[in-house]
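The following features are taken from Swiss-Prot:
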type	residues	note
ACT_SITE	Asp127	active site
BINDING	Leu74, Ser75, His76, Met112, Glu113	substrate binding site
Amino acid sequence: MSFNHFDDQGRAIMVDVSGKQPTLRTATAAATVSMQPDTLADLLAGRTTKGDVLGVARIAGIAAAKKTPELIPLSHPLAIHHAAIDFDTDQACGTVTVRATVRAFERTGVEMEAMTSAAVAALTIYDMCKGADKGITIGQIRLLFKEGGKSGTWQREEGQ
């Protein structure tokens, strides 16, 4: 196994992608936010003191995709062509699954943009609901799918 973010002397570098051809790159990532079922019921019914939690989280996630190189030092600045956030809720369990999809016509993948997008949307949900529920947790930030480029398509298997 090799890590390509290091040179021969072990120093951190940004990977040189200048020789690659741009291709359509897509990645989908997810993050899970767990809270009390009553907190989720209030969130979904619009009974929070901070407004439209999922609407704000959606905008935060989209903005985060565009800001990824400012947060992840060795990621490449990319021209993001599409960023979208979707939410799946399970009221009985009190969970919100954030799903972020990012697309770009680039020389390198958009996995980090999708993961950052999902994570920041989840953090925004936490921030906007923490006053009502101190026990909220964020977990399972994960890549679900990627395609484009030399490595082709990858999809997480169910339960993985």
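Heads up, the Cβ atoms here are built off N, Cα and C, so glycines get one too.
Overlay of Swiss-Prot annotations on the structure.
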| residue | record | Cβ within 10 Å |
| --- | --- | --- |
| Leu74 | substrate binding site | 13 |
| Ser75 | substrate binding site | 20 |
| His76 | substrate binding site | 17 |
| Met112 | substrate binding site | 22 |
| Glu113 | substrate binding site | 30 |
| Asp127 | active site | 15 |
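Residues Leu74, Ser75, His76, Met112, Glu113, recorded as contacting substrate, have a largest CA-CA distance of 12 Å. Under DSSP, Glu113 (substrate binding site) is assigned to a helix (H, G or I) in the three-state scheme. For the substrate site, the Cβ centre of Leu74, Ser75, His76, Met112, Glu113 serves as reference, and the other residues of the chain with Cβ at most 8 Å from it are Thr68, Pro69, Ile72, Leu78, Thr108.
Here the C-alpha separation of Leu74 (substrate binding site) and the residue listed as 'active site' works out to 27 Å.
Annotated pair Met112 (substrate binding site) and the residue listed as 'active site', C-alpha to C-alpha distance, rounded: 22 Å. The secondary structure of the residue listed as 'active site', as reduced to three states from DSSP, is helical. For the pair Glu113 (substrate binding site) and Asp127 (active site), the Cα-Cα distance reads 21 Å.
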